[in-house]
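Some notes on the structure that comes next.
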Amino acid sequence: MSLISEESSPSLSFIENGGGSDKRTAELSRSNRRTVQNLSATSLMRNRSDLKLISRVRWGFMRRMLTNLQEVLLGTKLFLLFPAVPLAVVAHRYGCPRAWVFALSLFGLIPLAERISFLTEQIAFHTGPTVGGLMNATCGNATEMIIAILAVGQRKMRIVKLSLLGSILSNLLFVLGTSLFFGGLSNLRKHQSFDRGQGNMNCILLFLALLCHILPMILRFATAAAGGTVTNATNVLVVHPTRSEDGSDVLFLSRASSFLMLFAYLAFLIFHLFSSRLLLLSSSEEEEEDVYDDNVSDKEEEAVIGMWSAILWLITMTLLVALLSDYLVSTIQDAADSWGLSVAFIGIILLPIVGNAAEHAGAVIFAFRNKLDITLGIALGSATQIALFVVPVTVLVAWAMGIEMDLNFNLLETACLALSILVTSFALQDGTSNYMKGLVLLLCYIVIAVCFFVSNSPSAETITNHTLTKGD
C-alpha cells in the first residue's frame, strides 16, 4: 500500500521545511501528521493492547520483550491467521499434499503483509514523515516484490507476470470498485467527492506503464509478421527467426523502459514529498475538517515499540514472507492441478485478493467513512507502485541474475490491463463517486475473472515453440 499519493503528501514538505512559526501552523502540521499515521489500513486492523499484566513484570528487558511480542503478534485483528505460518512449514517439511502447503502459505502471508505495513509505520514515528514516506513507498508492496523475485529465481516468468498483473487489476477494479460500491450505499444522502488531481496523476502514470507494456508486445508481433518465412524444395514451411524475432530487441526495449519507469516513479515521489507545499496552504480548511471527523478518534497515536525493535521485527517478518513466498511459488502448479484451476486464474485473481486482504479491508472501511481520498490513495497508490516500481525492479533484478524477462505480458493480459486503466480513468474523471461506478468496476473485474477461469492462455514461449514445430 502506498499512502504517498493521498492527502499526507502536502504536509511532508511543510513539516520538513519548518512551515510557519505560528500556533495555527503547528496545529495544522500535527493534524496532517495524524492523517498520515493514524488513517491507515493497519490502524484499522490494530487491537488495542492491555499492558496492565506486563507492566507488573519486574525486569525491564523481559517487560520490553513481552510488550513487543504482544504489540506485534497480538496487536492485529488478523492474529488468528498466524498459526498458518508454522503449519505451512510443518506441512512442507513432512511432505503433506502440496496444495495444502500452498493454501497454508497463502493464508500465512495475510497477517505477515499487514504487520510489515505496521512496522514500517512504527519506524516512521521515529524517523520523521519524509523518511517514513519513502519507506512506505519502498515496502508498501514488499510481498508482491518478494514473490516476483523468488519466481524469477525459479525461472517461472509466467507466474511473475501473472502475479504482478493481478495485483494491479485487483487494486484498480476489485478494491476500488468494492470501496466505491459499499461507500456509495452507506452514504446515499451525502455528496461523495475526492481530489480529482490525485486520481488524474495516478492515471497518467498508469498510462505510462501501459505504454511500456504495449510497445514490447507490438514490437514482437511486428517483427514476427515481417520475419522470414520461406518454403524449401519439399514445400515445407521453414521459419528463419530474425534478430528481432529471437527476443533481443524486445528485451532491450523492456530493460530501457524499466529504467524510465523507475525514473518516473522517483519523480512522482519527489513531487509528492517536496513539491506540494502550496497545496497545503490552499486546502488547509478542508483537510482540518476531514481529520477531525466524528468517526475518528481525536487521540493522537504514538509509537508502541522502539525503532530498533521495529527494524528487527521487520527483518524477521520479511524473512518469513520470503519463506512462505518460496513455498507459494513452488507449489502453485500443484495447487492448480489439484483444484482444477488454471495457474492464470490463481495468479491473477486468488493471490492478489487473499494476499492483500488487510489493505483491501482498510480501503473499504475508509469509503464507508466517506474518506475517498484515502481510499484512492490505497487503491490507486498501490497499483501505481506495482506498475512503476515493482515491475521494472523485477525486470532489472532478472537481468542482474542473468535471466531474460521482458515487459511483454501477452495479448490477453495486456488488453485486460489497458481496458482496466481506461475504465478506472473514466470513472474518476469528474471527481465524484457513487455506488453505480463501484458496481461497474466490480462487474469488469468479474468478467476478467471469468475470462481467466475458462481460458488458460499459453505463454509466449509456448506459442513460439508451437509455431516452430509447425514449421518443421
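Each Cβ is built from the backbone N, Cα and C atoms, and glycine gets one as well.
Residues annotated as compositional bias 'Low complexity' in TrEMBL: 1-16. Taken from TrEMBL, the feature domain 'Sodium/calcium exchanger membrane region' covers 99-273, 310-453. What TrEMBL records for 1-32 is region 'Disordered'. According to TrEMBL, the feature transmembrane segment maps to 72-91, 97-113, 164-184, 204-222, 252-274, 305-329, 341-368, 374-399, 411-429, 435-454.
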Contacting positions for the transmembrane segment (435-454) when only residues 6+ beyond its ends and CB under 8 Å are counted: 169-170, 172-174, 176-185, 188, 341-342, 344-345, 348-349, 412, 416, 419-420, 423-424, 427
Structural state census, the domain 'Sodium/calcium exchanger membrane region' (310-453) (DSSP three-state): 121 helix, 1 strand, 22 coil
Contact between the transmembrane segment (411-429) and the transmembrane segment (204-222) (3 or more Cβ pairs under 8 Å, separation 6+): yes
Recorded stretch that, among 72-91, 97-113, 164-184, 305-329, 341-368, has the most CB pairs under 8 Å to the transmembrane segment (374-399): 164-184
Which of 72-91, 97-113, 164-184, 204-222, 252-274 contacts the transmembrane segment (341-368) most, counting Cβ pairs under 8 Å: 164-184
Residue numbers, six or more beyond the limits of the transmembrane segment (305-329), whose CB comes under 8 Å of its CB atoms: 64, 67-68, 71-72, 85, 88-89, 92, 101-102, 105-106, 108-109, 112-113, 115-116, 119-120, 122-123, 126-127, 139, 142-143, 146-147, 150-151, 154, 156, 159, 351
Chain residues outside the transmembrane segment (164-184) and at least six past its termini with a C-beta under 8 angstroms from it: 141, 144, 148, 192, 206, 347-349, 351-353, 356, 359-360, 363-364, 366-368, 370, 372, 375-376, 378-380, 382-383, 386-387, 390-391, 394, 409, 413, 416-417, 420-421, 423-424, 427, 433-442, 444-445, 448
Residues of the parent chain within Cβ reach of the transmembrane segment (204-222), under 8 Å, 6 or more residues beyond its termini: 172, 244-245, 247, 249-250, 253-254, 257-258, 260-261, 264-265, 268, 380, 383-384, 387-388, 391, 406-411, 414, 417-418, 421, 424-425, 460
